[in-house]
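What follows is a short report on a single structure.
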Amino acid sequence: MGLHGDSRGRARGPAARVGSRRSGGLRGSVAVFAAVATVFTLTLPPSVPGGDSGELITAAHELGVAHPPGYPLFTLVAKLAIILFPFGSVAYRVNLLCGLFGAVAASLLFLTVFRLSGSYAGGILAAGVFSFSRLTWQWSIAAEVFSLNNLFVGLLMALTVHFEEAATAKERSKVAKIGAFCCGLSLCNQHTIILYILCIIPWILFRLLKEKELSLGSLLKLSLSFSAGLLPYIYLPISSYLNHARWTWGDQTTLRGFLTHFLREEYGTFSLAKSEIGSSMSKILLSQVTNMKTELSFNTQALAVWANMCLLRKNRQNPSLVWLFTGMFCIYSFFFAWRANLDISKPLFMGVVERFWMQSNAVVAVLAGIGLAALVSEMNRVLHSNGLQCLEWLSAALFVVYQIYSNYSVCDQKTNNVIDKFAKNLLDSMPHDAIILLRGDLPGNSLRYMHYCEGLRPDISLVDQEMMTYEWYLPKMARHLPGVHFPGNQWNPVEGVLSSGMVTFNLYHFLEVNKQKETFVCIGIHEGDPTWKKNYSLWPWGSCDKLVPSGIVFKPEEWIELTRNIYNWTEEYGRFDPSSWESVANEEMWQASFIRSLSIYKRNTQ
C-alpha cells in the first residue's frame, strides 16, 4: 500500500521496494514464528484435550478415517508427527504439531501485512493480536483442525499479495498455479475455507484477464494445479479398503460412500448439525461481533474499519486487496451465520460455533495491521513528520502484550489433564473383559484415545452406540472386536432383513448373545431402542450404567462396596468454563458422586 517511506519507495522504484519488503518480510516472519511457537509450546496440554481431539488423534494413530469430511491432510501429517517427534504422549505430539501450525499462521499474517504496508509494527499487531486471542490460542494448542485452517487462511492471503506484486507474466502464472494448488490442499482440511477460495479465484482470474494473460491453456493448468491439491483425498478409499484401523469412520470404497463422507451428509451438508434448530442469523452475527470485540478488542476492529476508509484516498496502492479481504470477511460471516444451525444460548454449542469465527478474525487482524500503518502514515502526512514510527511500535507492542497478559492464565494448559483423568477413571472402573457401549463425544473420543493410542485396558471392547446404527460400522469394525458377538449387521429396534440385505438386531438381542461379558453404557443409553427393558435393568456405575439381567437381585451393600473407590476425582466443582469439555467431564464425575451418595442415604434412611 506504500504506507511507510513513500518518498523513498518512489525514488527507488517499485521493484526495489518489493525486493526489500520480501527480504525484510522473510526475516520478520521467522522471528514471529519463533516467538509464537515458543509461547504455544510452553502452554501445550500434556495429554488428550476434549471434543474431537481424541478421535482425530486415534484416526491418525491408526491410519483410519476421521469424521466427515475425513480431514486426510491433517490425519497424514499428524501420523508423521506421532512417528517423528521423539517425546511426550501421542496426544502431546499432535498438540505440538498444531501449535507449530498456529505459529506458521501467525508468520503468514505478519508477512501479508508487511508486504502490503511495509510496516513491521502492523504485521506484529496482526500476528500477535490474532494468535494470542483466547479463542485462537486455545484451539492452536489442541489436537484440532483449526490451527491448520488458520495456516491456510494466512497462506492464501499471503499468496494473493504475492500475486498482486508480481512484476512479470511468468511470475504471475507461477504464483497463480501455486495458489490454485494451495486452494485445493486447503480443502483437504476444513471446508469452511471454500468461502474464501470462492472470493479469491474470481479476483485472480479477473486480474489475469485484465493483463491479457488468461487463456484456455492457462485455465487448464490452474484447474490441474487445483486438482493436484485435492490428492490427499485418495487416502480415504485406500484406508477404507485396507481396513487395518481399529477405529475409522465410514466406507469410502464406493463412490456413494466417498461422496457421503466428503459432503458431510451424516451431519448435514453446509450445516454444523443435521437435526438441530439453531439460533437466528441476526443473533449469531451479533454474537460474532461481540465475540470479536472480546477476542481482538474494539481498537482492533476500529483499525480494520480505518484500513477501508483510507482507500478513499486516490494515491493508495493495491486498494483492491483490502476490498477483497473485506469482502471475504463479510461473505464468510453472513454465510456461516445463515448455516450455523446450533442454539448458541447453550454454552457447549456456543463453544462449537465460536471456533469457526477464527477464520474471520484472521482477516480482521490483517486489516487492523494495515489500518495501524495507514493511521501512522496519515498522521505523518498531516503533521509533516516522519517521527511517529515509535508510536506505531509502542501501540503494536501494547496490543500484543495486553493479549498475552489477559489470556495467558486461561490458555496455559500445561497442567490440564482433566480429560485424561476422566478417561482413565472410566477405564479403571471397569471389570475385566467388559463391553462398553459408548455414547457421545466425551466418553467416546477420550476412551478410544486411551484404549487404542495409549494401549490402556486391551481386554475391554469399545462399541459405539450411534455408529452401530450406520450400515458401514459393523461390516468394517466387527473384525476388530473379536470378543463381541453381533447378531446382525446393523442395530435397529425393529429386527428383520432390509432391502439391502442387511440383517438388523435390537439391543435386547445383542445383550442376550453377549451374556458371557459384563456390559456397560457410557454415558447414557440410546432412547430409540427400549427392547433391553424386557429382561435387563440399569445399575449406576459411576458416570456409566451397568446392564444387568432383571433376575439378579440388587444388593445395596454389595453395590456400595463395589463402587466405594470407583473414581479418584479431585477437581473442584464448577471451576471450568461452562462451554469447555473439562466442565462437562467434571460435571459427570460430580454427578456420579452425588448419585452414589444419594443412593447410600436412601438406603440408610429406609
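Each residue, glycine too, has its Cβ placed from N, Cα and C.
Feature annotation from TrEMBL assigns compositional bias 'Low complexity' to 12-23.
According to TrEMBL, the feature region 'Disordered' maps to 1-23.
Annotated transmembrane segment per TrEMBL: 30-49 (among others), in sequence order. Residues 57, 88-89, 91-92, 95-96, 99-100, 102-104, 106-107, 110, 123-124, 127-128, 131-132, 137, 140-144, 404, 408, 411-417, 419-420, 423, 445-446, 449-450, 581 of the same chain lie 6 or more positions beyond the ends of the transmembrane segment (30-49) yet place their CB under 8 Å from a CB of it.
Residues or ranges marked as transmembrane segment by TrEMBL: 69-87 (among others).
For the transmembrane segment (94-117), the list of distant contacts is 1, 3-4, 21-22, 24-26, 28-30, 32-34, 36-37, 40-41, 44-45, 49, 53, 56-57, 60, 77-78, 81-82, 85, 88, 123-128, 130-131, 136-137, 140-144, 147-148, 150-151, 153-155, 157-158, 161-162, 165, 318, 321-322, 362, 365-366, 369-370, 373-374: same-chain residues at least six beyond its ends, Cβ to Cβ under 8 Å. Per TrEMBL, the feature transmembrane segment maps to 94-117 (among others).
Sequence annotations record features per position, and here TrEMBL assigns transmembrane segment to 137-159 (among others).
Remote same-chain partners of the transmembrane segment (180-206), defined as residues 6 or more beyond its termini with a Cβ less than 8 Å from a stretch Cβ, comprise 69, 71-74, 145-146, 148-149, 152-153, 155-156, 159-160, 163, 214, 222-223, 225-230, 232-233, 264, 320, 324, 327-328, 331-332, 335-336, 356, 359. Annotation comment: TrEMBL describes 180-206 (among others) as transmembrane segment.
The transmembrane segment feature in TrEMBL is assigned to 218-236 (among others).
Under the heading transmembrane segment, TrEMBL lists 321-338 (among others). Within the chain carrying the transmembrane segment (321-338), a Cβ under 8 angstroms from the stretch's Cβ atoms is held by residues 1, 116, 157, 160-161, 164, 192, 195-196, 198-200, 203, 281-282, 284-285, 288, 307-308, 311, 356-357, 359-360, 363-364, 366-367, 370, all 6 or more beyond its ends.
Summarising the annotation, TrEMBL assigns transmembrane segment to 358-376 (among others).
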Below 8 angstroms Cβ to Cβ, which residues of this chain, lying six or more residues outside the transmembrane segment (69-87), approach it?
56-57, 59-61, 63, 93-94, 96-97, 143, 145, 148, 185, 188-191, 232-236, 249-250, 252, 261-264
Is the transmembrane segment (137-159) packed against any residues at least 6 beyond its ends, judged by a Cβ distance under 8 Å, and which are they?
40, 43-45, 48-49, 51-53, 56-57, 71, 73-74, 77-78, 91, 94-95, 97-99, 101-102, 104-109, 111-112, 115, 131, 175, 178-179, 182-183, 185-186, 189-190, 192-193, 196-197, 200, 325, 355, 358-359, 362-363, 366, 407, 410-411, 413
